[in-house]
């Protein structure tokens, strides 16, 4: 065989049909009994045994997933407490109970208090907690990982050097394969796709709202056409994510398991969609791009741009995130498990099989942290999903798939950078959601500057029922111009965003400083190993000179 005829080339020429590792019955049986079965959901994972059978690459995935699931427990408990807090004070809020919102010729009642389930003081504290939690999770993960990779003697292993050695063994005159990837071009294309998809989702919701309000034969849909349109938009977004997940970026030329050039663009698309949604909601709230009574902005002169939910913009975001997370986690696991059991022969695996598992979990991590201010139950749903996901992936890799080719690794690679980027986005997005999209700041301004409690003379506040049609904005009743109260609230929103992000960033920096990258015993052990290796090398050099 020529030096250029590697196994992939021979497979393309149909010299070989396929290649894969065989399962070893004894080790496979042991993993099935101790790990890869449903009855072991609440047991610890035998990570070292997984590493011995499937390699460091797979073992680090399960180690990371287990650590992520474990740290979701406190986040889930606090998120549930925040939600129950909103539920407990839901019926006792002094805010008005009902208002009537008019959308052109259609007027319908709405419960303003709906948003209080997740738009309250507890949500602000929980959003700050989750932003810091993301950093603490990553820093403790690095510390947790180092203990295992040090024990496996791969702490200082370098993937690129090993690949170059393999190239040299096959061809002594080989040249390094240069990285060719245009991040600028990919970013521009990505932004255009995201903006296009966002417009499609917005337009579809606008049209659906009008059609449901005018043509539906069911009164409940007619009266809640906007909410139903939001739900349909969330389903459409879930379908979009599912379809785009199947579109992969160009695969890198080497078996580099970091897969820097292979990040599925649906991952980044999800982040940008979240930011674009916030910007759109914020612009609706602050600058009213959809117009006002007597001057609405319409698509093709017919369909009026959508308003936020009568109870607040945060309700829209809560509905969308809850539907997307429930659908994604439920259907992904059902389809994955059903697909595995439809196959009588073991399913083919490749080097991107683990990439898909990481991608699914990282997307979940982004939804759990970026908009937790709008959906405090996200950590709880993620925790319940991950308990199932760990055993589902274990059963799949041990029993239902061909054995993955064991690959060395000492980290989860580029996914660490992605998770750190998500942590930064979580600070920005949660600050925007609370400061601009929610009604937390307007309530504070009203309480301390405009409300009956501002002077300190009010003894109690009773709920007020408004029986006439109203418009949700800070505008004059005469000419619909913006009032002074609008500018005061806008200034308070901007001040809150700046303070929120600075305080959270300080806490994140302090957390990252105080958590060591490696435990002290691991650091000392590595120092001892280096000293021993250097002594052996020195003795070898001394003997060579002596001879």
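Backbone N, Cα and C define each Cβ position, glycine as well.
Here TrEMBL flags 50-247 (among others) as domain 'Anoctamin transmembrane'.
For 272-337 (among others), the entry in TrEMBL reads domain 'Anoctamin transmembrane'.
According to TrEMBL, the domain 'Anoctamin transmembrane' annotation covers 343-526 (among others).
As annotated by TrEMBL, transmembrane segment applies to 61-88 (among others). Below 8 angstroms of C-beta separation, residues 45, 47, 50, 116-120, 122-123, 125-126, 129-130, 133, 136-137, 140-141, 144-145, 148, 354, 357-358, 361, 365, 368, 372, 376-380, 382-383, 386-387, 389-390, 393-394, 412, 415 of the same chain, each at least six residues beyond the ends of the transmembrane segment (61-88), sit close to that stretch.
Summarising the annotation, TrEMBL assigns transmembrane segment to 95-118 (among others).
Residues or ranges marked as transmembrane segment by TrEMBL: 124-141 (among others). Proximity of distant same-chain residues to the transmembrane segment (124-141), defined by a Cβ-Cβ separation under 8 Å and at least 6 residues beyond the stretch ends, is recorded for 64, 67-68, 71, 74-75, 78-79, 82, 368-369, 372-373, 376, 379, 416, 419-420, 422-423, 426-427, 430, 433-434, 440, 500, 503-504, 507-508, 511-512, 515, 517.
Annotation comment: TrEMBL describes 187-208 (among others) as transmembrane segment.
What TrEMBL lists as transmembrane segment is 228-249 (among others).
Positions annotated as transmembrane segment by TrEMBL: 261-279 (among others).
The transmembrane segment annotation in TrEMBL covers 361-384 (among others).
Marked as transmembrane segment by TrEMBL: 412-436 (among others).
Residues or ranges marked as transmembrane segment by TrEMBL: 486-507 (among others). Residues 124, 128, 131-132, 286, 427-428, 430-432, 434-436, 441-442, 444-445, 449, 473-475 of the same chain lie 6 or more positions beyond the ends of the transmembrane segment (486-507) yet place their CB under 8 Å from a CB of it.
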